[in-house]
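Down below is the structure, laid out as structure tokens.
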Amino acid sequence: MCGILAVLGCSDTSLAKRSRIIELSRRLRHRGPDWSGIHCYQDCYLAHQRLAIVDPTSGDQPLYNEDKSIIVTVNGEIYNHEELRTKLVSHQFRTGSDCEVIAHLYEDYGEDFVDMLDGMFSFVLLDTRDKSFIAARDAIGITPLYMGWGLDGSVWFASEMKALSDDCERFISFPPGHIYSSKKGGLQRWYNPLWFSECIPKTTYDPIALRQAFEEAVVKRLMTDVPFGVLLSGGLDSSLVASVASRHLNESKFARQWGSKLHTFCIGLKGSPDLKAAREVANYLGTFHHEFHFTVQEGIDALEEVIYHIETYDVTTIRASTPMFLMSRKIKSLGVKMVLSGEGSDEIFGGYLYFHKAPNKEELHLETCRKIKALHLYDCLRANKATSAWGLEARVPFLDKNFIRVAMDIDPEWKMIRPDLGRIEKWILRNAFDDNDRPYLPKHILYRQKEQFSDGVGYSWIDGLKDHANEHVSDTMLNNASFVYPENTPFTKEAYYYRTIFEKFFPKNAARSTVPGGPSVACSSAKAVEWDAAWSKCLDPSGRAAVGVHTAAYESTSSQALAQENGFSVNGLSEKKVDYFEAATATI
């Protein structure tokens with residue numbers, strides 16, 4: 001991942017302003033420690049902090065067209081850049097960067113080229129011929145992007161909130177799948193798949209087509225000129241990513257340069273479920289496996305740094321981000337700059353344990369749509385920022401545009417959890433990779449029950465966080481929470497504790513408004529809480545809140561105690577409407 005900052009239409013064009021832009025861009029250097037760049041044109045500034053993954057020697061940014069009249073600063077990866085170059089034969093490329101195609105595509109296709117890009121990206125492009133500009137974000141919001149407005153009328157874009165929050169009067173999270181055009185004067189959605197309209201699909205389940213789509217998604221993400229690995233928790237999703245990557249590694253350019261031995265990484269408290277399962281999968285696949293341990297105290301000590309980097313006070317996201325943040329530091333110390341990860345599968349296939357209570361296929365499909373639309377607020381935010389904090393890039397094959405299309409076109413009846421037919425959560429994905437002739441995974445791993453990352457690293461992690469918050473937040477503080485934090489009021493001590501840290505770094509109203517709220521149980525959306533009346537008494541984002549489903553679910557007595565602590569809250573936050581999409585909570 002890289003860090004981008006663009007400021008357009010400044011009233012101040014002095015050297016002091018340029019120095020200020022450079023200073024703010026440095027706040028993103030953790031995202032791109034390999035090189036820094038800035039281009040100034042009249043009252044416009046485009047800055048970049050580079051993490052060199054593809055073409056490390058010549059791909060520095062900003063990037064340009066032939067005569068440098070088009071300037072672009074990009075965060076992300078364009079996986080089909082070689083194919084796109086064949087459509088741009090009349091153009092001369094300066095670098096081997098996958099992102100350089102953006103400048104030339106704009107020249108040939110105008111503002112309508114964004115849907116041609118297959119990848120994860122956020123970019124700002126300046127056309128100096130008429131001083132117009134565009135900004136765009138990938139379909140799902142895998143890469144972060146914020147948009148802000150200065151008092152002088154300037155428009156700002158940044159990969160992280162910390163780069164613009166001090167200088168903008170108002171700012172928002174730039175919505176995924178959208179483009180902003182200065183010519184048209186507003187945001188427009190460029191990503192318009194059939195599932196976005198939430199119509200119920202009727203395509204028959206084809207396991208071979210699903211498997212092929214996922215394998216293609218993994219293979220295209222092996223595009224790298226630097227060492228990489230796979231985050232392996234031992235659950236279904238990360239294990240499938242590792243399995244497919246290990247099968248195709250020999251065919252990749254990477255293997256010729258760095259070898260064909262796949263590296264895998266896992267973190268957890270000693271004795272945690274994930275460590276054991278990941279070790280077994282790694283042994284089965286023959287990977288070079290790295291196992292990291294952390295203690296509850298080490299996680300607690302990192303909380304302030306974590307919240308500063310991930311820029312949220314959402315309870316679930318912080319719980320899961322902390323071990324990922326610690327693991328990313330260890331991974332980077334080994335010289336690895338890119339990892340594949342398993343985010344997105346649970347949202348697409350209804351993999352969270354609360355989906356056991358989906359009343360019908362229509363409700364299940366609508367919930368998966370809500371979850372995917374909100375990924376940029378939760379799992380994508382966590383996976384990107386927790387890794388980028390240490391200059392590590394995370395790629396997510398399950399969120400490939402084509403794979404999502406294939407998976408979301410399937411009749412949701414196939415995604416329904418049907419114990420009478422032997423179908424557990426994500427059965428259609430498990431079945432697609434259940435190959436007796438050439439197994440992808442051992443059967444018991446392929447059919448392992450869903451375990452959320454914040455649970456899988458060790459159940460005492462969440463318990464320890466709650467105990468720590470109880471020591472720092474008094475009953476009186478919590479009782480007055482609605483007066484101190486009238487927007488998105490925290491209703492648990494854990495949520496209150498995280499909120500105080502967040503407010504220290506990001507005190508503006510605009511900052512707190514970028515974080516969603518609303519009822520949730522075991523990572524459900526607010527709407528899905530209605531599926532089971534008993535859930536209103538156990539409103540917690542942990543998978544163990546799925547009482548009667550999770551094999552290690554909270555006991556009924558602890559559920560009652562949890563309900564008393566939470567009151568009418570869910571995920572520790574009051575219900576709140578999000579500007580662009582209905583909020584939905586998620587972890588790995």
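Using the three backbone atoms N, Cα and C, a Cβ is placed for every residue, glycine included.
Since we're looking at a predicted model, the values are computed, not measured.
Listed in sequence order, ARG31, GLY32, HIS48, GLN49, ARG50, LEU51, GLN61, VAL74, ASN75, GLY76, SER159 are the same-chain residues at least 6 apart in sequence whose CB falls under 8 Å from the CB of CYS2 (active site, for GATase activity). Positions annotated as active site, for GATase activity by TrEMBL: CYS2.
According to TrEMBL, the L-glutamine binding site annotation covers ASP98.
Feature annotation from TrEMBL assigns ATP binding site to LEU231, ILE267, SER341, GLY342.
Annotation comment: TrEMBL describes 2-185 as domain 'Glutamine amidotransferase type-2'.
When other Cβ atoms within 10 Å of the Cβ of GLU343 (site 'Important for beta-aspartyl-AMP intermediate formation') are tallied across all protein chains shown, the result is 29. Residues annotated as site 'Important for beta-aspartyl-AMP intermediate formation' in TrEMBL: GLU343.
The Cβ of ILE267 (ATP binding site) has 28 other Cβ atoms within 10 Å, all protein chains considered. ILE267 (ATP binding site) sits 16 Å from GLU343 (site 'Important for beta-aspartyl-AMP intermediate formation'), taking the C-alpha atoms as the reference points. In space, SER341 is the closest of the recorded positions LEU231, SER341, GLY342, GLU343 to ASP98 (L-glutamine binding site), judged by Cα positions. Taking all protein chains in view, 25 other C-beta atoms sit within 10 angstroms of the C-beta of ASP98 (L-glutamine binding site). Across the fold, the C-alpha of LEU231 (ATP binding site) and the C-alpha of GLU343 (site 'Important for beta-aspartyl-AMP intermediate formation') stand 10 Å from each other.
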